[in-house]
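Following: one structure in structure tokens, then a few remarks.
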Amino acid sequence: MKREYQDGGGSGGGGDEMGSSRDKMMVSSSEAGEGEEVDELLAALGYKVRASDMADVAQKLEQLEMAMGMGGPAPDDGFATHLATDTVHYNPTDLSSWVESMLSELNAPPPPLPPAPPQLNASTSSTVTGGGGYFDLPPSVDSSSSTYALRPIISPPVAPADLSADSVRDPKRMRTGGSSTSSSSSSSSSLGGGAARSSVVEAAPPVAAAAAAPALPVVVVDTQEAGIRLVHALLACAEAVQQENLSAAEALVKQIPLLAASQGGAMRKVAAYFGEALARRVFRFRPQPDSSLLDAAFADLLHAHFYESCPYLKFAHFTANQAILEAFAGCRRVHVVDFGIKQGMQWPALLQALALRPGGPPSFRLTGVGPPQPDETDALQQVGWKLAQFAHTIRVDFQYRGLVAATLADLEPFMLQPEGEEDPNEEPEVIAVNSVFEMHRLLAQPGALEKVLGTVRAVRPRIVTVVEQEANHNSGSFLDRFTESLHYYSTMFDSLEGGSSGGPSEVSSGGAAPAAAAGTDQVMSEVYLGRQICNVVACEGTERTERHETLGQWRNRLGNAGFETVHLGSNAYKQASTLLALFAGGDGYKVEEKEGCLTLGWHTRPLIATSAWRLAAP
């Protein structure tokens, strides 16, 4: 619909002045100029621009933009205020007249030209051909723009000459059709609707381009400084969460991804997982527990990849098995209760060691405890079948029983006793209880750990092996817990990065397949650890199950429950050190003996700890 234009001319007050101003914004349909060719695209937007005026309008728009400060170093706030209050602009639909009136209001001289370089000529031009006419605009200096993808082509230096106004005009962004031509090369492309677009760019050498272009702000990103700011942002956000200052926490959590993008390697990944966990806590989008068959299968898959990618689980299994093997010395009937059997990866090595024992292997019974499956299948029984087949091949008398329990606190002593009546003439079973990364989950429910330790004490095991993360992620203070977990998982991710270069076994096998498999293992291991981070940071109450504690804290808990430490022998220490030589980055992994327990860490930071326990003397 065309708008009517009336020249009020006067400066009346009150409602008359407002009506006059509104009238000045109207345009008469008779002014369109019947018979004149008007650009259809601009006309559809409500602007009248004759095809013959396109180049002139473009140049005036550019001058207006520079005058308003958009292309210069800083905008003119006074001019913007002036435009918003006192100025009356006539007929904005007549784009040419409107731009001219805006320029006349400003009445600013053209921008000064920078001095010409002594021996270089920067002749730059760009032409975009469209359906409505030709625009002669300066080229875009920002050739890295993903929106416009303008790629300047370097031309050889020529004889010195004065710079034209076009060559030094502030750069403008320009959309091209993906084609570029120069004095030495040309190409063309066709876009939708049959409209062909082409661009011609003749760029000066870098020195000349720098001299010709106006000074633009340059942002130099200091990776180390950005890393410090990233850590400060993470800690400040955690402090805001603890103080329940959600507005500050929300503002900080939005900065974390931007700061993390400047980092590389382990720091970027750790920051991404902690940033996600903070965002979930701030916006109350807590992670849901694994409740479907797919979730359970995915958790098992992550556990398997973590086992393959780094030595932590292998170290846990090896040191626990060594303690159990020494406790079973000379016994003919042995029984192992595994509080978290998973895929049963720990037990083939122990079965093989027992099979090679002088005097022959003992009768081996295994009780595997695991959570119920969402589809109610007996996954524990499938693990038992595989272990039974392996035991048969190495000629070990093997019995297996699976116990499904939603939590270890549901176990009762009678469930762990031998089935049926024991033969009084036979040697009694020697029991070992094994827990790898399971005890800390009991701390989510008050009294659950004490209940389980009471059950263990009732079956009177000869040895109890416990492997836990060497960290304190169970503090009552959220900020303390967050800070400790940030340090812990940063070291854990560093160890994954350090061990990703390929160990001796991978190098000897050669080929791209082992490297690809190692890369997959590392990525899935990072997801495995990321889920722990999310639980530590984003969850509370019974949902927060990753309540890791230090070896000293476990020593107090087990000591109060009636257990005492069994010193792990020097043989376990030596063999564990030998095991680490098989892994890439083995020089970074450190095994330490601490008060009869063994810890595995990365450089100077212990990450997991293995301890062995027995019933204390009455």
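Including glycine, each Cβ sits where the backbone N, Cα and C put it.
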* Can you dig out which of the ranges 230-234, 235-239, 405-409 Swiss-Prot describes as motif 'LxCxE motif'? => 235-239
* Structure fact -> Relative to the region 'VHIID' (303-368), the stretch among 228-284, 382-421, 431-535, 538-614 with the most Cβ pairs under 8 Å is 431-535
* Asked: For the motif 'VHIID' (334-338), what does DSSP give as the number of helix, strand and coil residues?
  -> 0 helix, 5 strand, 0 coil
* Structure fact -> Contact set of the region 'Leucine repeat II (LRII)' (382-421) with the rest of its chain, CB cutoff 8 A exclusive, min separation 6+ beyond the ends, reads 335, 337, 339, 341, 343-344, 347-348, 351-352, 354-355, 361-372, 429, 431, 438, 441-442, 445, 447-448, 451-452, 455, 458-459
